[in-house]
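S.K.: Dropping the structure in here first, questions after.
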Amino acid sequence: MTIVTNLGFPRIGARRELKRALESHWRGETDATQLQHTARELRARHWRLQRDAGVDLPPSNDFSLYDHVLDTAFLFDAIPQRYHGLVDADPLAGYFAMARGRQADNIDLHALEMTKWFDTNYHYLVPELHRDQHFALRGNKPIAEFEEALALGITTRPVLLGPVSFLLLSKTVDGSNRLDLLERLLPVYTQLLRQLQESGAEWVQIDEPTLVLDLDAQTQQAFRKAYATLNQGPRPKLLLTSYFGPLGDNLELALQLPADGLHIDLVRGTEQLDAVLNTLPAGRVLSAGLVNGRNIWRTALDNALTLARYAQGRVDKDHLWLAPSCSLLHVPVDLEQEKNLDADVRNWLAFAKQKLSELRVLADALDNKPEAETALTQTRQALEARRQSPKVHRPDVAQRLAALTPDTTRRNTAYPQRSQAQQHTLNLPAYPTTTIGSFPQTLEVREARAQFKSGKLSESDYEAFLKAETERCVRTQEEIGLDVLVHGEFERNDMVEYFGEQLDGFIFTKLGWVQSYGSRCVKPPIIYGDVVRPAPMTVTWSAYAQSLTDKPMKGMLTGPVTMLQWSFVRDDQERAQTCRQIALALRDEVQDLEKAGIKVIQIDEPAIREGLPLRRGEWADYLNWAVESFRIASSNVHDTTQIHTHMCYSEFNDIIEAVAALDADVISIETSRSRMELLDAFVKFRYPNAIGPGVYDIHSPRVPQEEEMVLLLKKARAVLPPEQLWVNPDCGLKTRGWKETRAALQTMVHAAQRLRAE
């Protein structure tokens, strides 16, 4: 019988039960016991769901209260000194302080840095290490969760982040080489593997996703050393797991490592199958990632079955396992909950539960079970209906794309001339202050939106409520003394969803939530067809907000690359083509904002770096169309209109030329967690336009001291001309409360005023 396995399951629950439990605990409404009870219930539910879907070997230790990389650091006692006292007194509180920061009871701790998990929309906490780092087992989470499943009658495969990837995903605070710590880390892994074996685990999934990256000789040697060491002690069988791309030139290395099985991504790396089969050692299990763990489209089962049958004929009997390409963490839980979705589009989709069923169908087909044919036929019919659907293809969009020229992507004049025209129009002080866009989405705002959507609040009453919130936001900013204002975005549920709801070619689920980080969940739009803007999307609210103040009001848009990256994107055409379609829709919106008197327009591109292919050799093509798309959206304005953009979590050294090529008049970037380290790229490159380095971390409720912000601004001023500098938070303020927001922004304005006075 063909084995069906899974690499990971969504943690949050089909109805975001984990999010609610976490936030209740953080508010002090529930204690740790109640939180852990919810966590146990979710794990049990998910294991049973996988078993019932036909998964023979589901994972354990894929669950996390916040983040699996943080879990790994915590498990191995890689806890920075500043958290030791709290962790020793209350481990769970210390764990959450590492994730979120903590400012209470005379404790003032900032959080670990957060960044994107490879090129996905999930975020992980970056472990902080140093040259004298000590590792030791703290707790027994992987063993406890394996035994928890066993008590339910379900045998699982514990998941561990592998030692080399753990180090490569970490940062050292003293400039030392992360891989030099491998010697100290391996004994702890060896100890853990021995304990898992003693607990009865037959297999352990050891994730080494960095195997799909460009690796230098030192890193390749670290892999050899690590797995030679792990192979010496007693251990369960190891499934060496790669995902997010082909192994490429690391294939030989991966097959040399002494593991008992190898998982490969055959969605993003279909071309690697032959090379793997030609060199797979006898007796080694091949886990074939045939179902896309990152997107929500039904699998072309006939194509997947062809690959599976080909592999089946080349590996030892019972040594072919079927799996998703990666963990299902990145997709919603269950399509069956979507009762009101367009029936045609719904028939083209598969969420986590459905993807597991697809794997069971493939396994049954391989085993020649007749019941598989019905499901295969249904899939063929659904895919053909999608290919032929007029909902997907629009001739007017194709005509507009064909009419694009180089002039479509150019501003009228160069930045030096534009900046003079803008300063003449805007008359801003030195170190101008602004925010990134959103203001706190309070419970009242969320409840009003929910009541409006459910029909309990009339459109006129909802509009009156939003106008009052917008005016309060504008008045608050004026009182604080900000220079360029925003309207607060109270009418928006999400920075992508809000636009997607107003664009043809997008569709939305009701419960299609995926985890972004911690309790933060997003409901990505689904781009199923050609994109068109039927009507203006933001002009009414931006113009209303501008009518309330004499200060400049920013129009706020989400950029084409970010809308693409943060959506589930159609897989029947190149991503670049879909991105250009979105850019043309935004181009029309930018033009309408300018006509309405909006003189500052921000086109957020926080996701531009995460779209980079994992292999450097593929970067140029992506950056070309990403920059082109931004410029399509932003270039049809007068010199006096100031174009801003914003980027998150980015390391800029290797893409700084592309960032400059966007030709935004002002770029704001997230720098506070990295203590302004990210500015180095702009300094070395001599970035010509204006920059707003974030001076405080909005992902934490902590209110920083004025002196901290002044110090960060002085660090920025030491390396960049003062006339280039703007002052702003790291990111939008949607998830923060009003009290801390007002206090932090007032402190930020005071910091800017101090620099102006010097």
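Yeah, the Cβs are placed from backbone N, Cα and C, and that goes for glycine too.
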S.K.: Among Asp316, Asp318, Asp604, find me the residue Swiss-Prot lists at the same L-homocysteine site as Ile436, Gly437, Ser438, Glu489.
M.R.: Asp604
S.K.: Could you check which of the binding-site residues (Ile436, Gly437, Glu670) sits closest to Glu610 (5-methyltetrahydropteroyltri-L-glutamate binding site), going Cα to Cα?
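M.R.: Going through Ile436, Gly437, Glu670 one by one, the closest to Glu610 (5-methyltetrahydropteroyltri-L-glutamate binding site) is Glu670.
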S.K.: C-alpha of Gly437 (L-homocysteine binding site) to C-alpha of Leu18 (5-methyltetrahydropteroyltri-L-glutamate binding site): distance in Å?
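M.R.: It is 28 Å, counting Cα to Cα.
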S.K.: For Lys116 (5-methyltetrahydropteroyltri-L-glutamate binding site), what is the tally of other C-beta atoms lying within 10 angstroms of its C-beta?
M.R.: 20
S.K.: Given the recorded positions Leu18, Lys116, Ile436, Glu489, His699, state which is nearest to His646 (Zn(2+) binding site) when distance is taken between Cα atoms.
M.R.: Ile436
S.K.: I'd like to know which of these recorded positions, Arg16, His646, His699, is least surrounded, judged by other CB atoms within 10 A.
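M.R.: Among the recorded positions Arg16, His646, His699, the lowest count of other Cβ atoms within 10 Å belongs to Arg16.
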S.K.: Rounded to a whole number, how many Å is the Cα of Ile436 (L-homocysteine binding site) away from the Cα of Cys731 (Zn(2+) binding site)?
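M.R.: Distance between the two Cα atoms comes out at 6 Å.
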S.K.: For Cys521 (5-methyltetrahydropteroyltri-L-glutamate binding site), what residues in its own chain, 6 or more apart in sequence, show a Cβ-Cβ distance under 8 Å?
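M.R.: Long-range Cβ contacts: Ile12, Arg16, Lys19, Trp513, Val514, Gln515.
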S.K.: Sorry to bug you, but what's the C-alpha spacing from Ser438 (L-homocysteine binding site) to Cys731 (Zn(2+) binding site), rounded to the closest Å?
M.R.: 9
